[in-house]
Amino acid sequence: MAAPSSRSEPQQLAEYSCSYVVSRPVYSELAFQHQRERRLQERRTLRDSLVRSCSCSRKRAFGILKTLLPILDWLPKYRVKEWLLSDIISGVSTGLVGTLQGMAYALLAAVPVEYGLYSAFFPILTYFVFGTSRHISVGPFPVVSLMVGSVVLSMAPDDHFLVPSGNGSASNMTTLDTGTRDAARVLIASTLTLLVGIIQLIFGGLQIGFIVRYLADPLVGGFTTAAAFQVLVSQLKIVLNVSTKNYNGILSIIYTLIEIFQNISDTNIADFIAGLLTIIICMAVKELNDRFKHKIPVPIPIEVIVTIIATAISYGANLEKNYNAGIVKSIPSGFLPPALPSVGLFSDMLAASFSIAVVAYAIAVSVGKVYATKHDYKIDGNQEFIAFGVSNVFSGFFSCFVATTALSRTAVQESTGGKTQVAGIISAGIVMIAIVALGKLLEPLQKSVLAAVVIANLKGMFMQVCDVPCLWKQNKTDAVIWVFTCIMSIILGLDLGLLAGLLFGLLTVVLRVQFPSWTGLGSVPSTDIYKSIIHYKNLEEPEGVKILRFSSPIFYGNVDGFKKCVKSTVGFDAIRVYNKRLKALRRIQKLIKKGQLRATKNGIISDVGSSNNAFEPDEDIEEPEEIDIPTKEIEIQVDWNSELPVKVNVPKVPIHSLVLDCGAVSFLDVVGVRSLRMIVKEFQRIDVNVYFALLQDDVLEKMEQCGFFDDNIRKDRFFLTVHDAILYLKNQVKSREGQDSLLETITLIQDCKDPLELMEAEKNEEELDVQDEAMRRLAS
């Protein structure tokens, strides 16, 4: 009995029994265009475009109205019997979570907690009308809240609100005027919200929702992970109830960590225990929710449960008085009247507002697209800019901070059966009840519990670190972008870190385009399939032909790289070959003038016994000596691949044609067209023809516009496929059989009184000798 093999048998690949045979002519671009008439492209003038865009009909007006107000599209289709109950359950669940998260994220924005409740309520009202996503839960998000908080703290630090203590015996003692400070910070946050909304409206009006495409997934992953780390550090001091300075800018997170550990001995044990227990319980229950989400109809609202229990314990044990615990204290009931933000502060926060506007939009659209794909509908990126712009402008007048969406709240809204933004409105109603009726009940709540709720919701963002090893295996460039953005966002801060990551990501794109992939091609025998000769075995390269595939646009940034690819593919430098040949010809001219060589139409003959001084060291490679030999012309032939009578190292040229596979060339600029034209002419000078294949029509049109073609570079050198070009070349070689394709005809100028007359006489004598010999054979 045979022993079992230790290695598994290789998987047998299925063989396809079908095959096909295609019979068609070899098509050049010129022949194809003659045989298949090209459609005339309609070119609209600016006036025609304006007339078309400004024309209006009832149908078009209603379409534009539904685009600007998506509620007009989906609300009439609302299925009350099927969806209303699900939306109510989802709205209640999301509202409870949103209430707690709004209060918690207010700590990140450096404003009193009640303003987090406002920020969880007002943005929903307008997004309900203008938004295109049916599932996202609009409101505060930790990353954006932290970015708002950094602006608030930089413009209103505690040092600006120190006032004398009022004790005459200690004139150097100061106290912090928290009331004035909080009012100033709320004004800054609401002003920033208004400015962010204006910027988002401008972006939406200009239809530049595509800007989010430049925030690649690796960049967003690194950025949000760094933001999660900054959120953790900012909330850690609240959990420990340790006072630190409000650092902002470069290395602020490092300074904060150092000061936290320096003051760790001042930790409040009651706050620390409450925060630690909240983190452990919330994370454990969230894990159970994820693991048994198919069995649990509604996720356990653990944040709400923990908050209620913590509030009751704090009130019953009087933790503020007995243990000096930090509590929320006063939460006003009801809403504040609308107030005009301070427009004069715009200039101080303009730069930060751009980054916040883009990040808030990117997070919302990214989350929205996930659920839109899952539930088979589409969201409009430009309309989302308008929706969030309107929401933030509206919220700015009600003392809110910037709104976007939160992953955890959106997950709750969708997983509990939410079908539309009706669930969002119901959740806003729950928040409204909390604002009006529950404010006083939450006053004993410890701030450390709210901070712990924030930390517990960071798990998903921290888990993105696990994606880096997988990302490294898939694409090392993307992994580097992730790590670079994360590190820069931690060191420089979120706004500068995002900018650094964006610029670095764009730099990698530029480098990948500037140094693109390229390969030489060979054919699978007896097929029209051409693959890389580096990656595959048993491929055939046509004799005397090189095929190059260049996988990138050709423009000013990578022209030099393209030339290097051509040089590496053919194995020689066309310019150097031409210069070497020119040098050799000029030395031959010199020897012919001295009578040491004779030039005939059959080649170059060296006189027997004469010393050939041409065999000298090959010096001054790039500076050939100029020789002036006037008057009459003669033609001679030089076989450049044979041994020459002069000692000049002329590189061998083993090919007669170069085929460029341009299927991956998406565009050319003027520099690219000029460089291609120069390459073609350089190869033509050394008797190598350049052919093009698979050019896209718009690229070919651009070459025509840039004056690429002339009498020597015609469209019959452009082919529909690589195989068309190869078949054409094989046919050309067959038609030239018996001719030496490597002999070059050159024109030399000689003085009529020098060896020229002698050579012509010798030529005539040779012709007579040949005629006499022929006559003798006929006579015999």
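Keep in mind that glycine also has a Cβ here, set from the backbone N, Cα and C atoms.
Listed in TrEMBL for this protein:
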DOMAIN    535-729  domain 'STAS'
TRANSMEM  84-109  transmembrane segment
TRANSMEM  115-131  transmembrane segment
TRANSMEM  183-203  transmembrane segment
TRANSMEM  215-233  transmembrane segment
TRANSMEM  269-288  transmembrane segment
TRANSMEM  300-319  transmembrane segment
TRANSMEM  339-364  transmembrane segment
TRANSMEM  385-408  transmembrane segment
TRANSMEM  420-438  transmembrane segment
TRANSMEM  479-507  transmembrane segment
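The transmembrane segment (385-408) makes no contact with the transmembrane segment (215-233): fewer than 3 of their CB pairs lie within 8 A, with pairs spaced 6 or more apart in sequence. Across the residues of the domain 'STAS' (535-729), the predicted structure has a mean pLDDT of 80.
Between the transmembrane segment (84-109) and the stretches 215-233, 269-288, 300-319, 339-364, 420-438, Cβ pairs under 8 Å are most numerous for 420-438.
With pairs at least 6 apart in sequence, the transmembrane segment (215-233) and the transmembrane segment (479-507) have 3 or more Cβ pairs within the 8 Å limit; the two touch. Listed stretches 215-233, 269-288, 300-319, 420-438 were compared with the transmembrane segment (339-364); the greatest number of C-beta pairs under 8 angstroms is found for 215-233. Within its own chain, the transmembrane segment (269-288) is flanked in space by residues 238-241, 300, 302-303, 306, 310, 313-314, 319, 323-326, 446-449, 451-453, 455-457, 459, which lie at least six positions past its ends and keep a Cβ under 8 Å from the stretch. Only residues 6 or more beyond the boundaries of the transmembrane segment (300-319), in the same chain, are considered here, and those with a CB under 8 A from a CB of the stretch are 93, 96-97, 99-101, 270, 274, 278, 281-282, 285-286, 288-289, 325, 327, 441-442, 444-446, 449-450, 453, 456.
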